[in-house]
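Asker: Here it is, the structure, as structure tokens.
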Amino acid sequence: MAAYTEDQLAEFQEAFNLFDNRGDGKIQLSQVGECLRALGQNPTESDVKKCTHQLKPDERISFEVFLPIYQAISKARSGDTADDFIEGLRHFDKDASGYISSAELRHLLTTLGEKLTDEEVEQLLANMEDQQGNINYEEFVRMVMSG
């Protein structure tokens with residue numbers, strides 16, 4: 001297991017405790033993704049399921065069980081870089097202009113991978129379109145990844 005500082009462990013424990021609604025030192029398995037996101041990770045539901053598939057869906061887990069899940073998600077997601085996402089979107093940039101249509105990006109975000117709702121897409125794309133209805137996908141990726 002990665003060596004975390006006392007401050008990091010205290011931060012992880014504090015976030016974990018916020019999801020412990022019974023005060024028994026455990027959280028619902030269904031809350032693991034939310035807890036990870038509260039700690040700055042951005043796992044997909046698929047990522048969370050891969051790390052928790054051996055646990056029962058209605059199970060409550062302790063911090064000691066949560067910590068290795070956090071580590072696995074942290075390690076797995078650290079490989080995703082802005083350049084990887086930009087490269088993926090570049091395939092949809094037919095004229096190599098640095099732009100893709102907002103309609104095409106909206107379609108990608110609502111149908112592929114971790115599907116977003118229309119409301120989530122609207123929030124992400126707010127103020128990103130130019131007058132022609134296109135989006136600079138490099139700016140978009142950097143904005144999304146910067147939080």
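In case you wondered, yes, glycine gets a Cβ from its N, Cα and C as well.
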Asker: Quick check on the record annotations: which of Ser30, Ser62, Ser102 is tagged phosphoserine by Swiss-Prot?
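Answerer: Per Swiss-Prot, phosphoserine applies to Ser30.
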Asker: If I restrict to non-local contacts, at least six residues apart, and a C-beta distance under 8 angstroms, what lies near Tyr99 (Ca(2+) binding site) in its own chain?
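Answerer: Within the chain, Tyr99 (Ca(2+) binding site) has Cβ neighbours under 8 Å at Asp93, Asp130, Asn134, Ile135, Asn136, Tyr137.
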Asker: Roughly how many Å separate the Cα of Glu104 (Ca(2+) binding site) from that of Ser30 (phosphoserine), to the nearest whole number?
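Answerer: Glu104 (Ca(2+) binding site) to Ser30 (phosphoserine), Cα-Cα distance: 32 Å.
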